[in-house]
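Everything below concerns the one structure shown next.
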Amino acid sequence: MLNQRNLRSPAFPSARPAAEGSPSPDNRSGTSAGESDRSQGSDVLGLEQEPSVSKSPIFEPREQTQVDHFVLTKELGGGAYGRVWLARDLQLQRNVAIKFPRFDLTTNQSSARRFQREAEIAAGLSHPNLIPILEAVLTPEKAYIVSEYCPGPTLTQWMNEQDRLLRVDTAVSIVAQIANGLRAAHERNLMHRDIKPSNVIISDDAMGRPFANLTDFGMARSMNDERDVNETLMGTLIGSAPYMSPEQACGRVEMHGFHSDVFSLGVVLYELLTGVSPFTAATQMQVIQRVMDYDPPPIRKIRPTVSRDLSAVVQRCLEKSPARRYQDAGKLYEDLICVAQRRPTSARPIGVIGRATRWAARNPLVAMFAWIAVFGVLFGIASLSMFALKQRQHAAKSLAHANELRLALDHAEDSRERLYASRYDSDLTMAYLMFNRGQYGEARRLLNRQLPSEGERDLRSIEWDLLDSEVSAKYALWGKHQKRAGRLVGLPDQQTVVSSGDDGKLIFWDIETGTERHRLDGFQGQSTAIAALPNGKLAIPGPEWPLGFRGVIVIDPATGQTEQALQVHPTTISSIRVAGDKLASGCRYHGIKVWSFSKQKAIAIPGRLRNSSIGLSSDGSTLVSGEKEVNSLRFFDTETGILNHEFVLPAPAVLVQCGQQHDWAAYTVQGKQGFGITPMQKSESNGESCWVSANSIPLALAFSQHDTAIAIADSHSGIQWFNRHSADGDGDSIGVWESTAYVSGAGGRVTDVEFLSADDVLTTALDGAVERFSPNRVGHERFVRPATRSECVGSAITSDFRSILVVTDDNVVQVGDLPDQAEAGDPLDSQGNIAVAYRDVWKAKTPIRAIALSPDDKTIVLSDSFGRLIWLRDWRSGEPTVHVTPLPKRGRRDFFAQLRFSPSGRYLAVGGDSDVMLVFDTSNSLDQPAFLRDHDKETHCFAFSSSERELVYCGDGELELLDLESGRSRIWQTTSEQASCVEFAPDAKRIVVGWQDGSLSVFDLETTQLESVMQGGASTGDYAMRPSAIRFLSNDRLLMMTHGGTLLFCDLDKRLQLGTFTVWKSVNYQSHCDAIRLSDDATQLIVSCNASGDSRVCRWQISNHRHHKESGNYAKHKTSSVAPPTQWSMEAR
C-alpha cells in the first residue's frame, strides 16, 4: 500500500523539447517531453480540456533550492500540467528528475487526482523498458514525483541524427522493446494513450545497440477505474494528432482501449521504416481527418525491401476498425519477434479486395454509389460488348463495301486522270489548230484551260510552253471595259494608247508592256469618238444633251478636267479627226465642223441629211466625208468649207479613213466586202484608185504609221492585214494591196482598230475587250548569218546553247556566239532577226561533207570528200590540234556524210554513201574503228541507245540493230520509203524511224513489231513534212523537226499528233534543218536551218519549265491493240 509521503513507483518520462522538433533546455534530459507535447496539443486541439482553475502553484522552484533532500540544478522542460527539474539527491548522491505540478492542487481537485493517479500508475509498473518512479510526495504544502534521470535523446531526436533510413531490423527491435514495455502496462489494465517518438528515450545497451524506454504516463487511463472515464468528457480528443487512433481522433472515449495504443505504435513503426508520417497534412485538423478516413499506402510500395510479413504487421496495426487490430501490445510484440526471427506471423497481407471492403465499411454511402456505378459499368460493358459484336459484323460488311467503293473510286480516279489527260491532248491539239488558223484568242483560251488549279496535276510540257510563247508573242488580251469598248487613239508620245468605253471610262495603256497606266471615270455617253491633239490633250464629245454640252471638248489626260469647249453639234458626235492645225468633227445629222486652233474658230461644212464618217488629210487641209444616200466621197477645203470635188461610188460610203503620211482616202462601201483607196486630190479618172477585196464587210479600218499596211476589222470578229506593193518602186503611188494575215481574238466583234507599230495593232470589241495583235512577231529568238558568198553545208550546236558551228562550202569551219535577249540589241530587220557575227575556227584543204561536235564541246569531227575523218581538239583557242584518220573506201564515189556521237561521247558512228559503216571508240583509238560493218546499202541515219550499248542504223530498205558489247546484230528488211532519221526511246524499248515521205514508224524491240504512227505527205507534194530529226520528251512523246521548217509533237501510245507550227516556210528541197538540240530538262530548244545561202538559227528559252524526261507527267494509257507489222520481214544475223 503506497503512502502519499514516500511513494515509489516506475519511472517518469525524460525531458524533451516543448514541442516536437523545437529547441529543448537540455537535449539530453528526456523527462519533460510528454508534458510539453500535451501542452502543445491542448493549445491547438483542446486535448483534455480542464475547468478554469487558479494558475498559482504551491511554490515556485528555483535553481539551487533544496526540496527535502534534493537540490534543484536546472529546469529540463515543462508542459501544461507540470515542470521537470534536474536535481541532486543528497542522500544517495545521484541525479534524479523531479516533476512539480503547475497548479495549486489544494484548489484544483481534478489536477490533484490526475497528479496522484500518474504517480500511482507509474509506481505500479516495473519493466526494463519503462523508467521507474523513485519517490513521490503529495502534501498540501508540496507535491512532486521523483524518477530516474535518463539523459538519452528522444526517439525523434535520435531519428533526426541518422543520415539514412533505419535498418529494418533496427526499427523492428526498437518498436518491439516499446511493445514489450507497453505489454506490462496493458497487463495491469493501463492504457498509455499518448505513444509517440518524443515519449521514447533511446540509450545504448551493453553491446551498443539502441535501447528504448517508454515514458510519460500522464495521460494513461486505467481500464478498471470508472473515475478516469467520467473525468474524460465525451468528444474530448486524447493524444497527439499524428499518432492518434481513429477512435481517439473522433473523440469516442468509450471505444478507447489497448488497441488504441497498438495503432499509435503502428504509426511509430511506419515512420521508422519509411521516414515519413502516414497521415502528414498541412494542418492539425487535416491530419485528424486523414487519421479517420485515409488508408496510407502499404510499406512495400514505399520501401520494397520490407518483408511481406512486416508490411502485414504494420497494416494490421493501422486498421481503422479496432476489432481488426492487435488487441494489446503483447500480441504485437509476439509478431514482431516472429518477424525478427524470420518466422510466420499471425498478420496476413491485405489485398486490394480487403482494402476495398474495409474502405466500403467506413464509407457505406459512398460505397453504395460506387457499387451501383460498378454494376452500371459492368452492365454497360456487357451491353457495349454485345453492341461491339454486332458492330463488328456490320464493320466487316462495311469493310467489304468500302473495298468495293475504293476499287470503284480508284477506277473513277483512273478514269478522271484519263479524261484529264485526254482533255489536255484535245485542248492542245485544238490550240495548235487555232494558232495555225490565226485564231489567237481561242488558242489562248484553250492554253489557259490547262493552267492547273491548286492540287491538280500539271500536265504541261514543252509542247504547251512553245505554243504559249508563240501565242503570247502574237496576241495579248490587255484588259476589258465593263461595257462595250468604243474608240482607240494613240498619244503623241507613242508610248500610250487610250481606249474609251460605254462604261464611262477612259483607260490609258502602256504600249510596251500592255498594262494599264491609269484610268479616268465619269464619261458616260462620250465614247462615240476620240482624238489626240499634238500637245497630248484629248478631244472627246461633251456630256449628253440636255444636261451638258453637246459639242467637242478638250480634256487633260492626267486629270480629266475640261480645258476647252469647241464647236457645238445638234446631235451625237460620231467622228473626231485631228491633223495639222485642224480638228474636224461630224455628227449624225447636218453637222460637220472644222475648228482652226490658230484662228480659234470653227467653220461649218455643208452636207446632206445623214453623215456616216469623215476623214482629214495628213496636213489638215482637206476633209473627206461619206454620207448616207449619197453615192460619192465629197472632198472639202477646211479653210473655206468649199467642196473641191466628188469621187463617185457605186453605193454610199460607210467608213472613211485618211493616210498618215499620204493624201489617200480609204473607204468602205455599203454592202460590199472590201475597201477602196483613192487620192484626195482631184484626178481626171479613177485610174489611180483601187478596190481591195476582203473576207467580209469591214467594220473599222486604219492605216499604219507609214501607210504601208491597212488593218480592217470584219464582221466575223477578225482582223485582216493588207500590205502595199508598188510595182514601179514609187513610194507615193497607191500600188497594189494584198492580204498577208487574218487573225481573231477572244470572240467579240471588233469596234475599232489602231496601229501601234508597223505590224502591231490594238482593237476594241463589243464585249469590252482590248486586244493586241502582232501576226509577224515570233515567240523565239531568230539569229541570222550575214549574207556572204559562201553557203553553209552543215551545223553543230554547243551544249550551252550559246554557240553554233557551221561549215561553209569553201571548207571553212566558223563559230558564231548567240547573245541572250538582253545582249541582243536592236533586231536586224522588222522580222526580229538578230545578226550574229561568225569567226573562223579552221580552214580545210579539201571539201567538207559533214560536221559533228562531241557532247563535252571539246572535239569537232569533220569528214571530207576524200574519205577522211578530221579531229579538231582545243578548237576554241584559234589553233586547234588536228588529227586525220583515213577511212576504208569500197568505191571511188564513196563519201561519209553521216556523223554522230553517242550520248557520253565515247563512240562516234560514221556512215553515208558508202558500203561501210564504222564505229570508233574514242577512249581507245582514233585511228582504228571498234566496229566495221560491210554491207551493200548506204547508211542514211543512225542512233545510240541511252546506255550506249546498242546502235541502230538504217540503210536502203534495211534496219540493223547492233549490240556494241557482244557484236551481235539483228536486221529487219523493208521495202518502204527511205529512212530520214531514227531515234531510241529513253527506255531503249522502242525505236522510232522517220521516213522521207514524212511518216513515222515505231519498232517495239520486245515484241519485234513495227507500226505506222503518222502517215506521210509526199504523195501530195508536201515536202515540208520530210523529217530531219526526232527528239524524245518522254518514253511516249516526241518532237520532230522537218527540213521544211515544221515542228511537230506526237504521242506514240495514243497515235496522236498533238500539234504543229511552222518555224520557217519552205517549198523545195533547198531548205533543210541541219542541226537540232534539246536540253535534258526540255527548257531550251535550238534549231539550225540552211537554205540557199540563208543560214538561220531559232532558239526557245523557257524559264519556268515543268517537264523532265521520264518524269511521268503524262498519263500513259495504252491503246487496246497494236497493228500487225506490214511490209516488214525479220532476218537475224
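Here the Cβ of each residue, glycine as well, is placed from N, Cα and C on the backbone.
Features as listed in TrEMBL:
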BINDING   LYS99  ATP binding site
COMPBIAS  8-19  compositional bias 'Low complexity'
COMPBIAS  24-34  compositional bias 'Polar residues'
COMPBIAS  1109-1119  compositional bias 'Basic residues'
COMPBIAS  1120-1133  compositional bias 'Polar residues'
DOMAIN    70-337  domain 'Protein kinase'
REGION    1-60  region 'Disordered'
REGION    1109-1133  region 'Disordered'
REPEAT    492-519  repeat 'WD'
TRANSMEM  365-389  transmembrane segment
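Beyond the repeat 'WD' (492-519), the same-chain residues lying 6 or more positions past its ends with a Cβ under 8 Å from any Cβ of the stretch are 476, 478-479, 481-486, 525-527, 530, 532, 534-536, 538, 540, 557, 560, 754, 756, 762, 764, 768, 770, 772. When pLDDT values are averaged over the repeat 'WD' (492-519), the model yields 95. When Cβ atoms from all protein chains are considered, those within 10 Å of the residue listed as 'ATP binding site' total 31, not counting its own.
Secondary structure counts, DSSP: the repeat 'WD' (492-519) has 0 helix, 15 strand, 13 coil. DSSP classifies LYS99 (ATP binding site) as strand under the three-state reduction.
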